[in-house]
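Participant: Encoded as structure tokens, here's the structure I'll be asking about.
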Amino acid sequence: MAQVSSNKRVAKNTLLLYIRTFVILIVNLYTSRIVLEVLGVEDYGIYNIVGGMVVMFSIISAALSNSITRFITFELGKGNKDKLKQIFSTSINIQLRLSLIVVIAVEVLGVYFMYAYMQIPEDRLSAAFWVLQCSLLNFIISLVSLPYSAVIIAHERMNIFAYVGLLEAALKFVSAYLLFIVAFDHLILYGVLLALSSLIIRLIYGRYCSLHFEECKYTAKLDKNLTREMFGFAGWNFLGTGAYLFNTQGVNIVSNLFFGVAVNAARGVAGQAEAGVKQFVNNFTTALNPQIIKTYADKNYESCFILVRQGGKYSYLLMLVFFIPFVLEADFLLSLWLKEVPQHAVIFWQLAMLGTLIDLPAAPLTTLAQATGHIKKFYIYIGGFGCLVLPLTCIFFSLGMPPYTAYVAYVIVYTYLVFVRLYLMNKQVGFPIRVFVIQVLLRIAVVTAISLILPIFIVYIMPYGFVRFILVASVSFISIVGSTFVFGMDSVERKRIKSFVLNKIRNN
């Protein structure tokens, strides 16, 4: 019964986040079209690479964010309110101190690297400097906001997450529109407007949390023991988040050094398109992750393992719904979205989508590892192997290979990491490898193979255009749904779906 209740809660929260994401995706795609049109390829590339320098410093904050979310969700699952208050205040104090370190690092190392090494046109260096400052401010605001968003997610208040997300998208749209009507350097203005938008969102989250959650009462006292405990958890988490950031922003910088800002613009377009689609899947995992951690904290290991398997399987299948039509029709979609499609953007987007798809089946295993609290060995392996993408990219580029081979390196490494995560969690908590392979990997492989046949045939026989895209999307969706029901689900899941449909029919 508890399992059914958890599934209903996950489904409800996922639906709320899907509605949020659909609206945000439409707004963001149109906004990025405006921004690329107004800024041009050169300035858009500058914004992407300079902003990415600040994101590199989030290697520390991302690790702490995972630590904060895990500690808050774990104690919420145990019902320990006093400990929750300590965790929240300690989290804020840690983030404030970390902010000071990041500011010093960016102002010294970041500014020096930008002027000394980056391929930025000389007449745009001044604008790039101010973009760096605005990106830094944006980052600091986001950093201090992390404990508030962690509390909202832990309490599973996804409706608030949805409303604020819609407001954030609206603010970004207004920022893009103002570029048309304000007579000022567009690159600098865009950076300033995005920083102001982040500040507004931070104030809203802070106000809501202080009114609705009793643990969100800030005290300046720093709990040293809890700080050591959280940093110990974050320290190993750092390896995993660090690998991801090296593989994105690190590769972004290497691409700039080898190919210039035009390739950065293409990577920015591909990354934004891929992130917009990926957010649909992230909604599912955002709703699922608190349940994985809470069931583990409650020592309900069987339910926890079921949630991990279901999360891996259905997050992959949800992504597959977008993957097939978007990859097969990437050229059409990008030309529909943008007036000027940067060179390499199509192949970048296709390979980025493939890398994301491959990583999804084992992603809930990371949440399971965090739930255990024993993550040292897990992140040593994941972070160590994950960091291979950057040196592989450097080798490929040094050998004269094209820019898209950076994504090839990512796909190779993260395919291997699926099995590394599975092996590690089997050794640590007894997570069953054979069941995962049969119930998840084999099932999604069969569904993928069947679902690709008709869409590829349609692309081969029909002329390029809107009608073909609609047909490919429709046929792939029907193929995925049908093959998932037949081959992707086990007998229990099929029976549950049949009962749900029959009950709906009877009630109507």
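Positions of Cβ are set from backbone N, Cα and C atoms, glycine also.
Summarising the annotation, TrEMBL assigns transmembrane segment to 15-34, 46-73, 94-115, 127-148, 160-181, 187-205, 316-338, 344-366, 378-398, 404-424, 436-460, 466-488.
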Participant: Counting Cβ pairs under 8 Å to the transmembrane segment (94-115), which of 15-34, 127-148, 316-338, 466-488 comes out on top?
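Facilitator: Against the transmembrane segment (94-115), the leading stretch is 127-148.
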Participant: For the transmembrane segment (127-148) and the transmembrane segment (316-338), does the number of C-beta pairs under 8 Å, pairs 6 or more apart in sequence, reach 3 or more?
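Facilitator: No, the stretches stay apart by this measure.
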Participant: For the transmembrane segment (316-338), which stretch among 15-34, 160-181, 187-205, 378-398 has the most Cβ pairs under 8 A?
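Facilitator: Going through each listed stretch, the top one turns out to be 15-34.
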Participant: Are there residues at least six beyond either end of the transmembrane segment (187-205) with Cβ under 8 Å to its Cβ atoms? List them, or say none.
Facilitator: 35, 39, 43, 46-47, 51, 124, 127-128, 130-131, 133-135, 137-138, 141-142, 144-145, 148-149, 152, 164, 167-168, 171-172, 174-176, 178-179
Participant: Quickly jot the same-chain residues contacting the transmembrane segment (160-181) by Cβ under 8 Å, restricted to those at least six beyond its ends, or write none.
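Facilitator: For the transmembrane segment (160-181), the sequence-distant neighbours (Cβ-Cβ under 8 Å, at least 6 residues beyond its ends) are 16-17, 19-21, 23-24, 27-28, 30-31, 34-35, 38-39, 149, 152-153, 189-190, 193-194, 197, 200-201, 204-205, 208, 286.
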